[in-house]
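*Asks:* The structure follows.
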Amino acid sequence: MVPRRQYSLLPEAGNNVSLSSLSSIQAQLAQLAVATGRPPARLLAVSKTQPASAIAALAAQGQRAFGENYVQEAVDKIGELAGLGLEWHLIGHLQSNKADLAARHFDWVQSVDRPKLVAALARHRPPALPPLNVLIQVNIDDEDSKHGCAPEQILPLAELIAAQPRLQLRGLMAIPRPHTDPTQSLPAFQAMAAHQHTLQARYPQVDTLSLGMSADFPQAVSAGATLVRVGSALFGARPAKPASA
């Protein structure tokens with residue numbers, strides 16, 4: 001058996017991580033906080049298909065939250081980097097037959113969009129771990145190619161999640177239709193913020209609105225996002241998806 005590689009909080013050569021971009025994005029988030037009068041949005045580094053060494057390099061600069069799309073690929077990296085105290089978010093579509101792995105290894109699942117998945121995650125979350133943080137994914141632009149529930153399904157799903165002691169309802173997530181002009185995403189972002197306010201009125205613990213990516217996170221924050229998902233601006237061009245993921 002080949003032993004797992006152990007990582008320290010020291011950046012490694014040989015990856016595309018841009019540490020200057022990390023500082024720049026953090027500075028932008030701080031400026032947006034001043035402009036909006038709200039606390040700074042959290043930065044989720046989207047590390048799907050990136051090697052563990054690239055994640056360790058960002059962790060060495062203080063980045064703690066990482067987003068993954070593919071369950072098995074993520075579980076392998078979570079194991080390799082277990083000593084770094086990182087926070088792991090699943091942001092990709094989750095099949096019910098992989099809910100067991102997700103519930104046991106992730107801190108957050110941002111892509112909950114149906115009752116069957118709520119039940120599976122609650123059933124498989126180990127009692128020794130804190131409740132699993134959950135976001136409801138909303139298909140805000142009603143795209144056939146996107147996962148997520150319809151806006152009118154938010155409150156029924158929230159009720160199911162809130163009834164599960166092994167799950168913690170934290171808010172909403174969406175991936176709006178991409179636009180070459182990021183300001184065109186503002187209506188979708190604003191619609192999501194309105195849904196978030198409605199949810200918060202019923203569930204005061206709701207505190208997270210996950211919106212915005214590398215090209216449009218400033219617009220997302222201006223609309224009310226509290227967490228932004230940034231990948232290419234931090235890691236550069238994405239490697240191909242591993243065949244085993």
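Even glycines carry a Cβ here, placed using N, Cα and C.
For reference, TrEMBL lists these features for the protein:
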| type | residues | note |
| --- | --- | --- |
| DOMAIN | 21-239 | domain 'Alanine racemase N-terminal' |
| MOD_RES | Lys48 | N6-(pyridoxal phosphate)lysine |
*Asks:* Check the DSSP secondary structure of Lys48 (N6-(pyridoxal phosphate)lysine), expressed as helix, strand or coil.
*Replies:* coil
*Asks:* Let me check the 10 A CB neighbour count of Lys48 (N6-(pyridoxal phosphate)lysine). How many other CB atoms are there?
*Replies:* 21
